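Okay, structure first, notes after.
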Amino acid sequence: MLELRHRGGCPGPGGAGTPPPREGEAAGGDHETESTSDKETDIDDRYGDLDARGDSDVPEVPPSSDRTPEILKKALSGLSSRWKNWWIRGILTLTMISLFFLIIYMGSFMLMLLVLGIQVKCFQEIITIGYRVYHSYDLPWFRTLSWYFLLCVNYFFYGETVADYFATFVQREEQLQFLIRYHRFISFALYLAGFCMFVLSLVKKHYRLQFYMFAWTHVTLLITVTQSHLVIQNLFEGMIWFLVPISSVICNDITAYLFGFFFGRTPLIKLSPKKTWEGFIGGFFSTVIFGFIAAYVLSKYQYFVCPVEYRSDVNSFVTECEPSELFQLQNYSLPPFLQAVLSRETVSLYPFQIHSIALSTFASLIGPFGGFFASGFKRAFKIKDFANTIPGHGGIMDRFDCQYLMATFVHVYITSFIRGPNPSKVLQQLLVLQPEQQLNIYRTLKIHLTEKGILQPTWKV
């Protein structure tokens with residue numbers, strides 16, 4: 001985000017200096033008929049020009065406090081800072097992984113709540129950085145409108161999800177039917193109300209700055225809400241499409257750190273001086289192997305491979321189905337050189353294992369660029385971490401900067417190469433039609449199946 005500077009030797013707000021008169025402006029006020037817009041532009045230039053300044057002009061965000069538990073500090077007090085950070089990161093990583101396994105055990109609904117909670121926290125961390133940088137300018141309604149827009153965008157995206165995956169539940173509730181039927185109009189009306197509130201909150205001194213912060217909020221919404229929505233869409237395709245990509249990113253993060261910590265010598269990128277080629281390459285091979293094994297293990301269980309569906313008869317999410325061909329063992333011919341090494345011509349694999357190679361490759365080669373992007377953002381504001389939520393790790397956004405990029409790739413991958421027509425969704429749409437429309441579809445479908453020879457023609461006597 002760009003920062004304020006002052007033109008023409010005019011000191012900041014509250015300073016004693018005055019700007020030089022503009023061309024054609026008399027000292028005695030002979031040009032009182034000059035347009036108000038020109039005067040407002042001059043004020044905007046004095047107080048809101050955010051361009052053409054060096055990094056030294058960026059105000060430093062107050063440093064985050066250390067939240068490492070005291071008992072952990074005392075236990076590691078004799079170690080160097082390098083090894084102290086190693087142990088803190090390691091202990092907290094194992095703790096988070098254990099909690100993640102617990103949430104997986106609790107089911108897909110808890111995973112959805114976890115994704116929403118992470119989304120809100122990431123949004124709060126990014127918005128807080130903007131507020132800390134510009135809090136001295138007392139922007140009216142900035143934080144209130146930011147959270148209002150978050151609610152509006154969430155309503156827009158997740159209203160669509162409710163309509164798609166909870167159709168049977170919605171049909172039983174009159175109030176929900178109204179919200180779903182007019183969902184897009186309600187979403188637009190809510191956003192329009194926030195837009196009008198923003199326009200009404202504009203203040204002369206801060207026009208340009210307020211528009212910068214308006215853009216800040218919307219870019220933050222684009223990063224957090226849309227990506228978390230894609231994560232939940234992936235989860236509905238089957239928990240395996242959620243777990244393998246996320247765990248691949250986590251594996252790459254851990255193994256790249258380990259390889260870099262012990263073997264790192266060659267810097268990888270200037271944005272992150274601690275990143276090394278050794279860590280990057282070691283993380284790549286480790287992640288591909290991990291993803292391949294994880295795909296094999298998870299493909300065995302319906303709990304992970306079946307699409308998540310809401311069943312109205314049991315009033316809960318279920319993961320029961322006949323696994324698709326993607327999750328059924330198939331024989332594949334080995335290349336000649338592997339046949340010589342393994343002394344066999346074929347190998348049994350789940351087709352999803354082959355897809356996992358693409359997912360793991362993206363997680364290890366492209367995913368880290370999400371982290372590099374976040375590093376550049378933090379360098380721009382002279383901060384080490386987005387927050388201090390997790391000792392040794394920083395904020396929640398520091399842990400999920402690569403996950404958001406991964407979520408988009410997985411969603412595009414599924415829609416491009418995997419997803420076909422969903423019979424349950426088609427049936428849900430048919431059930432909400434009028435009886436006459438349903439009969440017309442039935443007759444058309446019957447004629448179509450008869451012409452294809454699937455149904456025997458019925459002869460009228």
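Just so you know, glycine gets a Cβ as well, placed from its N, Cα and C.
Annotation source Swiss-Prot lists compositional bias 'Basic and acidic residues' at 22-56.
The omega-N-methylarginine feature in Swiss-Prot is assigned to R7.
For S35 (among others), the entry in Swiss-Prot reads phosphoserine, with the evidence type a large-scale study or a structure entry.
What Swiss-Prot records for S37 (among others) is phosphoserine, and it gives a large-scale study or a structure entry as the kind of evidence.
As annotated by Swiss-Prot, region 'Disordered' applies to 1-68.
A Cβ distance under 8 Å defines the sequence-distant neighbours of the transmembrane segment (96-116), meaning residues of its chain 6+ beyond its ends; these are 154, 228, 231-232, 235, 239, 242-243, 250, 308, 316-317, 319, 390, 399. What Swiss-Prot lists as transmembrane segment is 96-116 (among others).
Among residues of the same chain six or more beyond the transmembrane segment (149-169), those with a C-beta under 8 A of the stretch's C-beta atoms are 116, 120, 123, 176, 179-180, 183-184, 186-187, 190-191, 194, 217-218, 221, 225-226, 229, 232-233, 236, 308-312, 425, 428-429, 431-432. Per Swiss-Prot, the feature transmembrane segment maps to 149-169 (among others); the stated evidence is sequence analysis.
Annotation source Swiss-Prot lists transmembrane segment at 183-203 (among others), citing sequence analysis.
What Swiss-Prot records for 230-250 (among others) is transmembrane segment, and it gives sequence analysis as the kind of evidence. Long-range contacts of the transmembrane segment (230-250) within the same chain: residues 97, 104, 108, 111-112, 115, 158, 161, 165, 287, 290-291, 294-295, 298-299, 303-308, 319, 327, 352, 356, 359-360, 363-364, 367, 402-403, 406-411, 414, 418-419, each at least 6 residues beyond the stretch ends and with a Cβ under 8 Å from a Cβ of the stretch.
If you look up Swiss-Prot, you'll see 279-299 (among others) marked as transmembrane segment, on the strength of sequence analysis.
Residues or ranges marked as transmembrane segment in Swiss-Prot (evidence: sequence analysis): 357-377 (among others).
Listed by sequence, the residues of this chain that lie at least six past the ends of the transmembrane segment (183-203) yet keep a Cβ under 8 A from its Cβ atoms are 139-141, 145, 148-149, 151-153, 155-156, 159-160, 163, 210, 214.
Using a Cβ-Cβ cut-off under 8 Å and counting only residues 6 or more beyond its ends in the same chain, the transmembrane segment (279-299) has close neighbours at 239-240, 243-244, 247-248, 251-253, 255-261, 263-264, 268, 305, 323, 327, 349-350, 352-353, 355-357, 359-361, 363-365, 368.
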